[in-house]
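Trainee: Handing you this structure, nothing more for now.
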Amino acid sequence: MKLVLVSGRSGSGKSVLLRMLEDLGYYCVDNLPLPMMGTLLEQLTGNSELVAISVDIRNMPEKDTELEKHLTNLPKGVELLSFFLNSSDEVLLKRYNETRRLHPLSHSNISLKEAIQLEGRQLEPLAKIVDHYIDTSNLNIYDLNDQVREILLGNIDKELMIKFESFGFKHGMPTEADFMFDVRFLPNPHWEPELRPMTGLDKPVQDFLNQRPLVNKFIWQIENLLRTWLPDLERNNRSYLTIAIGCTGGQHRSVYVTERLAEHFKDGRHKVTTSHRELKNAKD
């Protein structure tokens, strides 16, 4: 089991980092008291190989020796990697003033600035023993994501899951699509009596459409468009991309184009899935 421990000063980006780890497939637990960590890991053994836990000042042990004891006495087979996020007092003060959130150490007789400074002093022992110390004062969420991915995976390229979906406009447009392309202008196999009962998954329909230069040109241009912008979409911390292809009934043209595009993107760099809404609905 690989365990990532996320700690740091409040407002430095711990929750953001935890969401990034969740996108990478980690089972994430926020603000877990350290004495409960061993029990949690034992419960997850065999079920989750990637686990991430965040801790904050409110559930940290008071003694440094107790802290190190929790981090060294882990169940057998657990590989620990720890992060500490920090930001300057000025940046943290600005972030809290902008969000108007309450600092964990704020109370009636202490100011926000004093709470930020107090937390910094109390977390110093932990900051000295972590594997990776990251100052987020001048980082945005994308910069932080790149740093963490490089540490965990050895690269900053994000594996994007791409879903190609066919549909019929007469049955309504899908609401979850990031890109939508209308192929109703392409030659329609529906008007060929022998092809009408078939779908874009059948070879006669595929041969009919593959012989049309307009169809191949359209597929080529859509592929180029997507490949041009995929790197920027990946850098934008996106996990999923849904591309919808629509024709009139969702039986022939959209199905064929969806399959062709999916085939072109199954190059090992991306997880690609296909879905044919109207064909599925017909079966149901």
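Each residue, glycine too, has its Cβ placed from N, Cα and C.
Keep in mind that this is a model prediction, so the values were computed, not measured.
Residues or ranges marked as ATP binding site by Swiss-Prot: Gly8, Arg9, Ser10, Gly11, Ser12, Gly13, Lys14, Ser15. Per Swiss-Prot, GTP binding site is recorded for Asp56, Ile57, Arg58, Asn59, and the stated evidence type is sequence analysis.
Quick one: where do these features end up spatially?
Mentor: Sequence-distant neighbours of Ser15 (ATP binding site) (same chain, 6+ residues apart, CB-CB distance under 8 A): Asp30, Ser54.
Here Ile57 (GTP binding site) comes close to Ser10, Pro104, Leu105, Glu119, Gln122, Leu123: these same-chain residues lie at least six apart in sequence, with C-beta atoms under 8 angstroms from its C-beta. A helical conformation is recorded for Ile57 (GTP binding site) in the three-state DSSP classification.
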Trainee: Using the CB centroid of Gly8, Arg9, Ser10, Gly11, Ser12, Gly13, Lys14, Ser15 as the ATP site centre, which other residues of the same chain sit with their CB within 8 A?
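Mentor: Output for this site, in sequence order: Asp56, Leu85, Ser87, Thr136.
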Trainee: What is the total of other Cβ atoms whose distance to the Cβ of Arg58 (GTP binding site) is within 10 Å?
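Mentor: The answer is 11.
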Trainee: Which residue, out of the binding-site residues Arg9, Lys14, shows the minimum number of other Cβ atoms inside 10 Å of its Cβ in this structure?
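Mentor: It is Lys14 that, of the binding-site residues Arg9, Lys14, has the fewest other Cβ atoms within 10 Å.
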Trainee: Taking only same-chain residues 6+ apart in sequence, whose CB is under 8 Å from that of Ser12 (ATP binding site), what do you get?
Mentor: Leu85, Asn86, Ser87, Leu92, Thr136
